[in-house]
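Pasting in a structure now, in structure tokens, and then I'll have a few things to ask.
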Amino acid sequence: MTDFSQIHKPVLLQECVDLVTPALHASDSVAVDCTLGLAGHTIAFLKAAPNATVIGIDRDEEALDKATARIAQEGLSARFVPVHAAFDQFDEVLRAQGVSRVQAVFMDLGLSSLQIDERERGFSYAHDAPLDMRMDTSQALTAREILATYDADRLAHIFKEYGEERFSKPIAKRIVQQRQSSPLETSSQLTALVDAVIPAARRGSGNPAKRVFQALRIEVNGELDKLRRTLPQIGLHLAVGGRLVVESYHSLEDRTVKNFMAQGLRVDAPADMPVIPPDMQPFFKALTKGAVKADAGEIAYNPRSASVRLRAVELTRPLPQRWVHAFELESQGSEDGVRGAHGHRRRTQARRG
């Protein structure tokens, strides 16, 4: 029997349980774990909410198999439904299960321990490995293919947009030059190339290649696009009183989650309206004050929690399709100056849960 506790430490586990399980008291409650991984959070949810069923989604078949086996070891299989899918197939997954509304949705947007620790997956710059970075190994696109085929402008764009890399253009130029003589095949080759480009005086903390690796991983797996598509789907399927709980690990993810939640926390009425009618009240109630971060004890126990940002909201009234459409349009444009469906700027709702 595998001791998964030695290889998998769920981040902010108790905080997530405390946020998710109050919505799971009814006997027919359904929660969705959009990022099952090795099921650390899901097992805790199942134990804390004995009347609930959890649908566990993961695009990594190996992780899904291991998680399913782990849940069986815990004797919890009767209330668990494993699904091999990407989380942007949320609507499709629920339709296939005959579910229209769910009481809780959880997302842990970080890499799973399995993905980080298996060197051949190529996610970590700490170990030499093939430049793969696929979460779903059945897909075709790999980091190696991106580095071998994207032109300099496209490479620079993803390094800047997804990695917030200041030296995106010179790094992209060097990659194109390098591949004319020999392709970049391994993580150590890429790390050495980036190390040679970034001046020592301009480096921040950590490995100089960390932003490039982040950008490649996001591009390979379409992470931000999938997240932007998924959040509105989740909103439409949450029951009133249902909760959305999200852990993110870099600023781009957190910004996307924060903006989605912030739109639902705003009052859809002019700032000078003295009494706010029910149909202009916020759609969400905040369950966290800003983002919850790991404390020193958590970080000492689980160093991978150092960058986590945990946000949670509760749905207070159903989201209309027009609101979801407005978010989709907004996410394609500026993230500032969010406006309501009536064309006026919406004011921030101060009440916190």
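Positions of Cβ are set from backbone N, Cα and C atoms, glycine also.
What Swiss-Prot lists as S-adenosyl-L-methionine binding site is ALA39, GLY40, HIS41, ASP58, PHE90, ASP108, GLN115, and the listing cites sequence analysis. The compositional bias 'Basic residues' annotation in Swiss-Prot covers 341-353. Taken from Swiss-Prot, the feature region 'Disordered' covers 334-353.
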Taking DSSP three-state, what's PHE90 (S-adenosyl-L-methionine binding site) in: helix, strand or coil?
helix
Would you count the other C-beta atoms found within 10 angstroms of the C-beta of PHE90 (S-adenosyl-L-methionine binding site) for me?
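That number is 25.
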For GLY40 (S-adenosyl-L-methionine binding site), what is the secondary structure by DSSP, using just helix, strand and coil?
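In three-state terms, GLY40 (S-adenosyl-L-methionine binding site) counts as helix.
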Name, in the order they occur in the sequence, the residues of the same chain whose CB lies under 8 A from the CB of ALA39 (S-adenosyl-L-methionine binding site) and which sit 6 or more residues away.
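Counting only residues 6 or more apart in sequence, the Cβ neighbours of ALA39 (S-adenosyl-L-methionine binding site) under 8 Å are ASP33, GLY56, ALA67, THR68, ARG70, ILE71.
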These are the binding-site residues: ASP58, ASP108. Which one scores highest on other Cβ atoms within 10 Å?
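Of ASP58, ASP108, the one with the most crowded Cβ is ASP58.
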Could you tell me which of these binding-site residues, GLY40, HIS41, has the fewest other Cβ atoms within 10 Å of its Cβ?
GLY40
